[in-house]
Each structure stands twice: as C-alpha cells, then as structure tokens.
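Have a look at this one before I ask anything.
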Amino acid sequence: MILTGLLLYSRSMISMLFLGRLGELSLAGGSLALGFANITGYSILSGLAMGMEPICGQAFGAQKHHLLGLTLQRAVLLLLLTSLPITFLWLNMKSILLFCGQDLEIASKAQLYLIYSVPDLLAQSFLHPLRIYLRAQSITLPLTFCATISILLHIPINYYLVTHLNLGIKGVALSGVWTNFNLVASLILYIIFSGVHKKTWGGFSLESFREWKSLLDLAIPSCVSVCLEWWWYEIMILLCGLLINPRATIASMGILIQTTSLIYIFPSSLSFSVSTRVGNELGANRPGKAKTAAVVGLCSSFFLGFSALSFAITVRKIWATMFTDDEEIVALTAMVLPIIGLCELGNCPQTTGCGVLRGTARPRIGANINLGCFYLVGTPVAVWLAFWAGFDFQGLWLGLLAAQGSCALTMLVVLGRTDWEGEARRAQKLTGDLARHHDDVEDQEEDDMIKNKDLGTNKDNNNAEIKEDCSHSFGGSGDQLDRQYSIV
C-alpha cells in the first residue's frame, strides 16, 4: 500500500518538476491552482468517498459481500453529482482569487491550469471508490501494478504535451487527467477479467438510487474531517499571497506541500490498513482483534513520525533544488523543512487515529477534532506569528505545528476511551440494517414478479373461459338456426 501511495504521489511530483522548468510564474500559478483544486474539489471527493470505507470494511468482515457492490455504485453516483458544482467553481476561479487579493498574473496562470483539469473530476469520481472497494477486500497488489503502468506512461505523456506540443501549463494539467483515466481504465479491466467482482457485484441496480442515508451519514462527516485538514494547508497558500514576496513564498509553499504529501503517504497507508483491518474485525464480531490492530497501528505511527523528522532534517538543504534553481525559494524551503519534520511527530499518530475512527464508523469525532485543533488552535497561532510577531513565512508552519500537536493528543485520548465491545455491536447493526433492506427489496421484487406472473396466468385463464363461453354461445345459436331451417 505504501508503494502504491508513492507511485500515485510521483504523478504530482513529476507535474511539479515540469511546472518548475516552465519558470517561477508557472510554478507559482500551478501551485496556487493545485491548492484551489484541493480546497474546492479533490478534498471533497476524497472525503465523501471515505464514507464507504467503514461500510465496505465491516460488510466484508461480516461476509455480506453484496453490500460492497451496492455501496460502490452509490459512492460513484454521489461523487459524480458533487462534481457538477465543483466544475462551475473551477471555471470561475480567477475572479475568486482576485477577490482574495492574489496577484493577477499568478491568478491567470492558475485559472488556465484548472480549466484543463476539469475532466479530472470525472476520473476521480471513479478512482476513489474503486480503490476503497478493492482495499476493503485486502486487494492491494493489483492497484500497485496498475499505478505502476500509469506512472510509467505519465512521464512520456508530460514530455509529449508540455515539450513536444509546447502546451506549457495546459500540458501539465492535461497529462495529469490522462494519467488518472489510464489508472481508472486499468482498474476496471482488472476487476472484470480477474473475477473479483463475482461475489460482490450483482450488476447495475436501481437500488443504488435508494437508501443513501447510511452512506451519507458516514460520507459527510468523513468529508468534513478530510476537508478541514486539507483546507488548512491550502488556506496557508492563499495567505502566502499576502506576504512580502508572494511569488517566492507561494512557490516554496507548493514545494513544501508536495514534501508533506510525500511524507504523508506512509502514515496514510498505515491509516488505510488499520481502518480496513479494524472494520473487518468489527464486522466479524471480533472486538479484541480490532483493538489489537488499532494499538499496533498507533505504535507504528510513532516510529514513522521520528523517521519523517530525520528525513526532513537530512534533505533540507538540497530538497528544493530538484524543483527550481531560484535561490530565494531554495532558502525558504530549507528554513521550514525542520518544522515540517516536527509536525510529523503529531501528524503520523493523528492520521492513523483517523483510520481507526473510520474503521469504527465514527468519522464525526475526527471532524470535530480537526475543526477544533486546526481552526481554533492552528489558524490563530499561524496568523499571529506570520503577520504580527514577525515570523513571516516561517510563522505559518509554526501554526501547523501547534495544530498537529494538539490534534494528536486529543486523538489519543479519544481512542484510549473506546468501548470495543460496543463498537462491535454497532458494526453488526450497521451491516445488518443494510443487508436487511437489500433482502427486503429483493423479496419485494420477487413478490412483484410472482404477482405479475399470477396476473398473467389469471388473464390467460379468463381469456380461455371467455373463448369457451363464446364458443358455446355461438355454437348453440348455430344449432338453433340449423334446426329452424330444417323445419322450414
């Protein structure tokens, strides 16, 4: 799963490298566009898709496989519907950025990037649910294989569009879309030809348009939890545009966010694994094993946090040179990287804890924790340090450190008080209710078919009786006429 995350991350890293070679303006515009896209699009789709994770994980553990196929259909429909207002927002991005006080040239470049990224919303609407659908069944190797093929094609696609066709920033955006569609197509082909779908897929069903309550009850809090964290990072990019040198700070922020995304792959992969394992064990009514999985995951997350700190300190002076030759951007990035390493000491346990909450179908708690820690602690600290205390760019990241530290502490307290027996009972109720509704719908459809068949049979019998009566009637009349004519 970590390898898959690294492969998917390398797609955005390659895009950033091509943006950096196009110049400071393109790098700043692309970074701002990606920030806006994350705030208004990708975070929302990713968060909503996570609502299917506890349902699929617990349903698979409870051996109620048909729920996975139904939940997959509902999630795809939900994401497609959500993409419509997001598209409208992206097409009007420039006006929004200028209203927020961003530089005109940077906003124009960012708008161009996003216009050509709109089709990516369609790809993401299928990609997120498909990944969770496979992950809930502990199928990860094929996803890694498909991601490898897509990323290997991503480099020549970028070169062809950006360099050969000279499309510039438009080519970088289109190459990302192209690569994601390649990944979606390869996953669908794998699911079809491998036979993975046989136990879980009952075909396209009208039932997927009904009974969305269970999915939405989990999807909306999951979305809020993800968005609150993602949005904080992207709001920092917008605040960078208000600092003394917006081009350098926005470009550096873009590089640093790519760096945090790279580091985030490790705790997020652990989080997905823990969520799946906890969900499967609770669905199978094994609360003791679910608790063990959560404890092992959290212990591993602390090791990841210290590893991330070591990595950030080690590469701080050379990391930015992979993206740009601008000395100011390189210096800003080197100054902040150690702070990012410290942030990961809190981020790794916090991310893994969110996975445990998803596995126990409690995303609402994660949303409340992120709201309080990122916006009531982190944001005031970041704004005060950056704009009033004189820390400037560095102050924004110190605000993140305050947010991550408080978030990790709160998460550990919540998980330490979890009633695992009670969570197992909740899992049985969740999957039982969904399965019961599915069975009721199937029984109703069966009854309707039987009724229709009975009606058809009765109709045929009635028609036969009518024909027989008519036959007797006309036959009797004929005999009577014959007798009358014979008398005459």
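Glycine too: its Cβ is placed from the backbone N, Cα and C atoms.
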Look up transmembrane segment in TrEMBL and report which of 66-90, 216-240 it refers to.
66-90
Quick one: find which recorded stretch in 139-157, 250-272, 329-348, 396-416 has the most Cβ pairs under 8 Å with the transmembrane segment (25-45).
250-272
Would you kindly check 66-90, 139-157, 177-197, 329-348 and say which stretch has the most C-beta pairs under 8 angstroms to the transmembrane segment (250-272)?
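The stretch with the most close Cβ contacts to the transmembrane segment (250-272) is 329-348.
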Is the transmembrane segment (329-348) packed against any residues at least 6 beyond its ends, judged by a Cβ distance under 8 Å, and which are they?
24, 248-249, 251-252, 255-256, 259-260, 263-264, 266-267, 270, 301-302, 304-306, 308-313, 315-317, 319-321, 323, 393-394, 397-398, 400-401, 404-409
Cβ under 8 Å to the transmembrane segment (139-157), counting only same-chain residues 6 or more beyond its ends: which ones?
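That would be 1, 3-4, 7-8, 10-11, 14, 131, 175, 178-180, 182-183, 186-187, 190, 194, 196.
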